[in-house]
Amino acid sequence: MAKRSSLSIRIVEGKNLPAKDISGSSDPYCIVKVDNEPIIRTATVWKTLCPFWGEEYQVHLPPTFHAVAFYVMDEDALSRDDVIGKVCLTRDTLAAHPKGFSGWAHLTEVDPDEEVQGEIHLRLEVVARPRGRRLRCSVLEARDLAPKDRNGASDPFVRVRYNGRTQETSIVKKSCYPRWNETFEFELEEGTAEALCVEAWDWDLVSRNDFLGKVVFNVQSLWAAQQEEGWFRLQPDQSKIRRGEGSLGSLQLEVRLRDETVLPSGCYQPLVQLLCREVKLGTQGPGQLIPLIEETTSTECRQDVATNLLKLFLGQGLAKDFLDLLFQLELGRTSEANTLFRSNSLASKSMESFLKVAGMRYLHGVLGPIIDRVFEEKKYVELDPSKVEVKDVGCSGLHRPQTEAEVLEQSAQTLRSHLGALLSSLSRSVRACPAVVRATFRQLFRRVRERFPSAQHENVPFIAVTSFLCLRFFSPAIMAPKLFHLRERHADARTSRTLLLLAKAVQNVGNMDTPASRAKEAWMEPLQPTVRQGVAQLKDFITKLVDIEEKEELDLQRALSLQVPLVKEGPLFIHRTKGKGPLMSSFKKLHFSLTTEALSFAKTPNSKCVNELNQWLSALRKVSISNPGLLGSYHPGIFRGDKWSCCHQKDKSDLGCDKTRSRVTLQEWNDPLDHDLEAQLIYQHLLGVEAALREKHRELSAGTEAGSVPTGPGEAAEDALAQLLRVLRDLQEAHRSSPANSPPSEPNRLLALQT
């Protein structure tokens with residue numbers, strides 16, 4: 001049993017940001033920190049004061065986190081990036097919004113005295129002396145202090161204040177992990193309301209000392225405890241007056257906190273077995289729970305429910321059967337072929353999630369080279385005559401204006417080249433497509449052909465496949481490659497327009513070049529020869545894609561199961577120090593590959609993939625989370641000469657001075673499945689719609705009693721629904737009796753001391 005917390009974060013856009021560059025604009029990006037640990041960096045949006053990001057992240061983190069902060073920065077090529085402002089959301093603020101915090105938040109000024117981090121280790125005692133009681137404060141050590149000096153460290157000391165007296169520790173030079181082991185005593189007056197204040201400072205020889213954080217204690221609480229010891233989180237100094245709200249612009253955010261108590265696996269088995277039985281029975285059996293779940297699920301949470309159900313059935317080896325059931329349900333209520341899978345139904349949302357979970361590497365293999373080529377060429381492309389910008393062309397001194405016809409022709413040639421390359425790459429990728437994806441498309445193709453068998457609907461099975469593969473998978477990735485990890489940065493305005501036009505062309509091919517798709521934008525006509533040729537290529541590709549037998553599917557899955565799962569791959573720079581001085585340091589670029597079993601590297605890459613440092617840290621934490629030999633602490637510095645550079649300890653085998661942070665991770669589509677967590681999320685959703693399910697059960701019961709002869713499917717659906725309600729009741733009782741939800745037998749006096 002464990003408590004798990006997660007944050008769903010969507011960084012939408014900013015507006016009215018101040019200009020930080022001499023051009024009167026800014027180059028903004030966002031950094032997200034959880035308790036001062038950077039976990040996310042968005043792309044930079046160039047030359048704008050109203051940037052749009054639209055980036056979404058799922059973060060798993062410890063339930064004990066305190067706050068999440070969003071910093072808006074201005075990127076500078078030649079100097080240090082400027083801080084524009086920040087938005088800070090505490091855990092309590094997020095917990096007060098069960099459906100999530102959503103809206104605009106004013107950026108506030110970033111004050112150095114408020115940007116603190118780290119913890120301090122203290123021992124507090126009330127000791128008896130002949131002349132009365134005294135308060136003893138032992139300052140032992142600190143860790144992860146903010147680096148305030150240009151050398152990447154600080155020169156910290158501690159100032160202890162109580163009842164008008166101030167005492168200070170010695171200064172530890174060049175360390176963010178100092179150890180003092182110094183003790184101070186103060187006369188203690190019973191009944192006084194004076195607080196004990198412990199402040200950490202960075203000593204500076206010339207300028208003003210920098211504030212590193214403080215901890216304030218209620219001394220009256222110590223009279224009963226007599227002694228307390230522990231690590232305390234440093235708090236900011238919030239006594240200063242900030243700049244008026246709104247003067248730094250605003251940030252639109254959507255942040256939702258979810259706290260889940262995950263029970264042991266055995267508690268979820270009845271729910272999992274019941275849902276799996278319903279999927280195995282399909283539409284031919286009496287099972288009707290999946291349609292009921294879809295009926296009672298609102299549009300707002302349909303994507304989350306679809307993803308959770310899909311991952312649950314993936315873990316049970318029933319993803320293909322689950323999707324096949326949804327296909328049949330959708331086909332059963334669709335009368336017009338041209339509306340098939342066009343709505344945001346559970347089938348459409350589940351298939352979207354399935355392709356991202358099972359087909360992301362396949363997408364990278366097909367689209368990666370084409371997207372890279374578009375970014376590298378940076379050509380001006382435009383097909384809409386109303387948007388054409390005429391440029392000067394020619395050699396120096398021989399400039400002439402380029403005609404509109406020349407711009408349109410060159411643009412059409414460029415797009416035909418990109419579209420042709422994409423279709424060729426797709427045609428060659430049949431064997432590279434995962435077996436489970438091919439088998440799912442085979443089921444979809446067969447079901448649609450059975451539902452619409454006439455000659456006039458000959459293209460409908462092909463369009464059903466392309467509605468997911470092209471319209472809901474490839475096209476969104478082409479328009480926003482950053483969100484699909486195809487590129488590290490968002491495209492500029494020129495490249496974005498090229499990608500949009502290419503995505504439109506792919507959609508026309510996916511629609512099988514229907515008259516309706518051609519009529520929307522007549523200026524796409526120059527691409528029609530390539531589109532028509534692409535339709536033939538795509539139909540041939542789909543015919544081969546769905547031509548997979550059960551034996552071939554099993555063989556491909558077996559071969560895949562023997563491969564070690566890849567978690568991350570990409571380039572990293574290795575810093576090598578050959579001696580003292582800046583000229584003795586060098587950086588070497590190596591291409592790393594991380595699997596669940598090993599971390600390896602090579603001089604040249606096997607595939608193109610850009611990863612940021614926080615993604616690598618997150619990936620390393622994921623593969624290490626079940627490591628029984630994982631250390632609780634480590635040294636963030638190096639052992640040079642006769643001491644550790646971080647804490648100055650002289651024993652090389654000394655315990656680490658910083659704690660291992662293994663619980664803040666970014667969720668990726670290729671993460672290992674967590675069956676218990678998915679079952680818990682499904683249970684939480686069903687619990688939220690329990691009233692609707694009970695009402696449905698009453699309707700089914702009334703219908704069965706009113707009929708002279710019980711109807712088989714209705715009676716079976718009633719039985720399955722009754723079982724589901726019993727399972728929900730049992731899980732609810734298990735949660736009530738779980739130790740995680742029980743109040744602690746004794747209050748934590750250590751935390752009660754901190755104010």
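Using N, Cα and C of the backbone, Cβ positions are placed for all residues, glycine too.
Unlike curated records, TrEMBL annotations are generated automatically.
Using DSSP to sort the residues of the domain 'C2' (1-105) gives these counts of helix, strand and coil: 5 helix, 58 strand, 42 coil. For 1-105 (among others), the entry in TrEMBL reads domain 'C2'.
Residues annotated as domain 'C2' in TrEMBL: 116-232 (among others).
According to TrEMBL, the feature domain 'Ras-GAP' maps to 301-511.
The annotation region 'Disordered' is assigned in TrEMBL to 732-755.
Predicted-model confidence for the domain 'C2' (1-105) is 89, expressed as mean pLDDT. Broken down by DSSP into helix, strand and coil, the domain 'C2' (116-232) contains 6 helix, 66 strand, 45 coil.
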